[in-house]
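Accompanying notes for the structure given below.
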Amino acid sequence: MFGTLRGFGVTFSHMFKKMVTEKYPEEVPPPAPRYHGRHILNRYPDGLEKCIGCELCAWACPADAIYVEGADNTDSERYSPGERYAKNYQINYARCIFCGLCIEACPTRSLTMSNEYELAADNRRDLIFTKEDLLAPLREGMQPAPHKSKAGATDDYYERGVNAPGDAVGGEYSDTERRLGLDRAAPEKGAGQ
C-alpha cells in the first residue's frame, strides 16, 4: 500500500513540471551549426563543377559509401576547369556514417556537408543520391555545364583561396562561422607584431 502511494506521488509531482517533448514535425528544431548532414557538390561562380573526379573522397570513406567515375574534359564539353570531371558520382546514404572524412580528403573543396538531415526513404534505392541530386543549384548568371571556361578567366580564377568575381554555390560559411570569424582569412605570419 505504501509503495502504491509513493508511485502516485511521483506521478503527481511530474504532472506539474514543464514538458520537454519537442513537437518535431510541426516545430523543427535548428540543427547544430557544424552538423554533418547531406553532402553538396559545389560549383564555381560561372557554373562549372568543382569536382575533378580524383576519387579521393571514395578512398577516404570508411563505409565505402561513395562511388566516383572520373572522365576527361574535352574542349567541346567542359564540366570542370581541370582536365577531369566526375562523370558518375553517387553517395549511398544507407551506408554513409556522416563522419566527414570525405570532406577532409577533397583537394578542391568541392564536397561539403549541409545541415539537411531528413533523408528518410521507404526503399534503399532512394537512399542512393546521384550527381544530379548532390549538385548545388545554379544561381543567377551561372551556365549549366558543359560549357567552356569563362572568357577572360585565368587559371588562378579557379584556384582555391583566390577571390573570384561572383558567388560560388555551396561551401558558404554558416552564421556561426561568421560570428566566430572563421570566414575571414587567417592573418599572415608576422602581421601585427
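Cβ atoms here come from the backbone N, Cα and C positions, even for glycine.
Any TrEMBL annotation is an automated prediction that lacks curation.
Annotated features, as they stand in TrEMBL:
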- 41-71: domain '4Fe-4S ferredoxin-type' (DOMAIN)
- CYS51, CYS54, CYS57, CYS106: [4Fe-4S] cluster 1 binding site (BINDING)
- CYS61, CYS96, CYS99, CYS102: [4Fe-4S] cluster 2 binding site (BINDING)
- 87-116: domain '4Fe-4S ferredoxin-type' (DOMAIN)
- 139-193: region 'Disordered' (REGION)
- 175-187: compositional bias 'Basic and acidic residues' (COMPBIAS)
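Recorded features from TrEMBL, shown on the structure.
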residue : record                          : CB count, 10 Å
CYS51   : [4Fe-4S] cluster 1 binding site : 26
CYS54   : [4Fe-4S] cluster 1 binding site : 18
CYS57   : [4Fe-4S] cluster 1 binding site : 24
CYS61   : [4Fe-4S] cluster 2 binding site : 20
CYS96   : [4Fe-4S] cluster 2 binding site : 20
CYS99   : [4Fe-4S] cluster 2 binding site : 14
CYS102  : [4Fe-4S] cluster 2 binding site : 24
CYS106  : [4Fe-4S] cluster 1 binding site : 20
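Per-class residue totals from DSSP over the domain '4Fe-4S ferredoxin-type' (87-116), listed helix then strand then coil: 5 helix, 9 strand, 16 coil. Spatially, by CA atoms, the binding-site residues CYS61, CYS99, CYS102 include one closest to CYS51 ([4Fe-4S] cluster 1 binding site), and that is CYS102. Among the binding-site residues listed (CYS54, CYS57, CYS106), CYS57 has its Cα nearest to the Cα of CYS96 ([4Fe-4S] cluster 2 binding site). Here the CA atom of CYS57 ([4Fe-4S] cluster 1 binding site) lies 4 Å from the CA atom of CYS102 ([4Fe-4S] cluster 2 binding site).
Among the binding-site residues listed (CYS54, CYS57, CYS106), CYS57 has its Cα nearest to the Cα of CYS99 ([4Fe-4S] cluster 2 binding site). The two recorded residues, CYS106 ([4Fe-4S] cluster 1 binding site) and CYS61 ([4Fe-4S] cluster 2 binding site), show a Cα separation of 11 Å. Comparing CYS54 ([4Fe-4S] cluster 1 binding site) with CYS61 ([4Fe-4S] cluster 2 binding site), their Cα atoms are 14 Å apart once rounded. Of the chain residues outside the [4Fe-4S] cluster 1 site list CYS51, CYS54, CYS57, CYS106, ILE52, GLY53, GLU55, LEU56, VAL68, ALA86, CYS102, ALA105, PRO107, THR108, SER110, LEU111 have their Cβ within 8 Å of the site's Cβ mean position. Excluding CYS61, CYS96, CYS99, CYS102 themselves, the residues of that chain whose CB lies within 8 A of the CB mean position for the [4Fe-4S] cluster 2 site are, in sequence, CYS57, ALA60, PRO62, ALA63, ALA65, ILE66, ILE91, ILE97, PHE98, GLY100, LEU101. The average pLDDT for the domain '4Fe-4S ferredoxin-type' (41-71) in the predicted structure is 94.
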